[in-house]
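Asker: TrEMBL feature annotations, pasted as is:
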type	residues	note
TRANSMEM	20-39	transmembrane segment
TRANSMEM	51-74	transmembrane segment
TRANSMEM	86-108	transmembrane segment
TRANSMEM	114-139	transmembrane segment
DOMAIN	353-499	domain 'FtsK'
BINDING	Gly370, Ala371, Thr372, Gly373, Ser374, Gly375, Lys376, Ser377	ATP binding site
Amino acid sequence: MPRGRRRKPFKLKLKPTTLYTFSTVGLFILAGVIILSFSRQGPFLTKLYLILTHYFGWGVIFFPFLLMVAGLMLSRLRWRLAHPNVLVGGLLLLFSSIALSRSGLIGFEMWQNLAFLITSVGAFLFLLGFAFIGLVVFFNTSLEEMLLFLGKIFSLLRKATTRSQLNGKRLPFQIKEQRASERPALKIPTESGKPATVDLEGGKSPLKSLSAEGQVWEYPSLSLLADGLSGKADRGDIKGNAEKIEKTLESFGISARVSEVNLGPAVTQYALEIALGTKLSKVTALANDLALALAAPTGQIRIEAPIPGRSLVGVEVPNRSLEIVSLKRMLTSEQMKRNKSKLSVALGLNVSGEPIIADIGRMPHVLIAGATGSGKSVCIHSFITTFLFRASPAEVRLILIDPKRVELTQYNGIPHLLTPVIIEANKVLSALEWSIQTMDERYKKFAEVGVRNIEAYNELAGFTALPYIVIIIDELADIIMYAPAEVEDKICRIAQMAR
């Protein structure tokens, strides 16, 4: 009889990546089961919780985090915490913490053995040192930075404790708020009865002087602005782009890894960790090669080497479509809320998507330039709208000049205007001349009371005695063409002295 073919034994061959995937999923499942055991519902979960707390005490709360970090390390997923230093530092922190607190059987035994060998004081110092080493390894930082970080934490805790103690005690006196009209104000000489005027058409057009005792100004509600406009940025395949950047640099002999991605409204920044000893000039020279590999929409990318304040190199890739940034988002941002200046304006979002707030009072002059359609007029409108939402007419007054007659004329009638929007070129000289005269008069007042700027003057007065005056000119080139020498001289004088 013919012999039958020998069957090959069944053998399961799996790729290493498949095994890593199984391990990652298993570690995440185990972490989830441990988290569920904290509820102590069901016999299995309750038994698991009792076993873990018996051996590790309160340190069991770190287990899910450490297991997930280990799982992410086995996978190819990119996460900031998926690094060996996080796992090793977390384990050092776990065991040193439970030993210091003598939590669980393992922690108690570690403390007892160390105290027997090097006394209780030695054991405390030894474990405290290990905990500190764990922190340094966990954050992958230096000793100086860690000490500075801990100092800030202790300072915040001390301030919070002091504040809570003061809030709990009743003060032996009553604090009464003083209104601006009740404060003892410094008497500052003013020329009453002489309202400022601007000669726009050969005659005198009176400008009403500001009164410190006006009605309470009601600021416009931010609900008037749109919550958000459609138009999210199309950034393409972020993960795929990160891999292309790494492979392209590797093909040129540069070892680099994308450590983080910053999502901006116009560009996406890929932050690279470059191997030690690599010249940055080699990276910047590959801008065109990276643009080709990434198929950049504009055909160009920007390499920031290094990113200011960080030991990373930024590769900025233009988005395929831009993100629309609403003014309401800027005005409700924490950066704008923290800024108390009445001349603060919203510029937009930076590469990392963080709001950029500028103070015109510190600039103190701005020249906005750009090609047609680049957003110059939109920037001016955002400046003016920010003033209207954040400042009263007693705090900020405006002089708007619009020779095109289409951009700024819509603001006619707002109470912040010193004069209707100027659209005739021959009236611009009168407005600038009045501004110079007002500037000189203010400097005389400052000298009489011994102050240097308008902030100190208003502080001495006890109220907003003098408002800021902001002059906005749209299409400056058209104005200068009308009277080049006169307009340029007056603008230069204002720019040099009006600070």
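Just so it is clear, glycine is given a Cβ too, placed from its N, Cα and C backbone atoms.
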Asker: Of all the binding-site residues here, Gly373, Gly375, which one's CB has the most other CB atoms within 10 A?
Answerer: Gly375
Asker: Kindly state the mean pLDDT of the domain 'FtsK' (353-499) in the predicted structure.
Answerer: 88
Asker: Could you pull out which residues elsewhere in the chain have a CB under 8 Å from any CB of the transmembrane segment (114-139), counting only those six or more residues past its ends?
Answerer: 85-86, 88-93, 95-97, 99-100, 146, 149
Asker: Counting by DSSP secondary structure, give me helix, strand and coil numbers for the domain 'FtsK' (353-499).
Answerer: 75 helix, 19 strand, 53 coil
Asker: What's the most sparsely packed of the binding-site residues Thr372, Ser374, Ser377, counting other C-beta atoms within 10 A?
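Answerer: Output over binding-site residues Thr372, Ser374, Ser377: least Cβ neighbours within 10 Å is Thr372.
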Asker: For Ala371, Lys376, listed as binding-site residues, tell me which one has the smallest number of other Cβ atoms within 10 Å.
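Answerer: So among Ala371, Lys376, the binding-site residues given, the one with the fewest Cβ atoms within 10 Å is Ala371.
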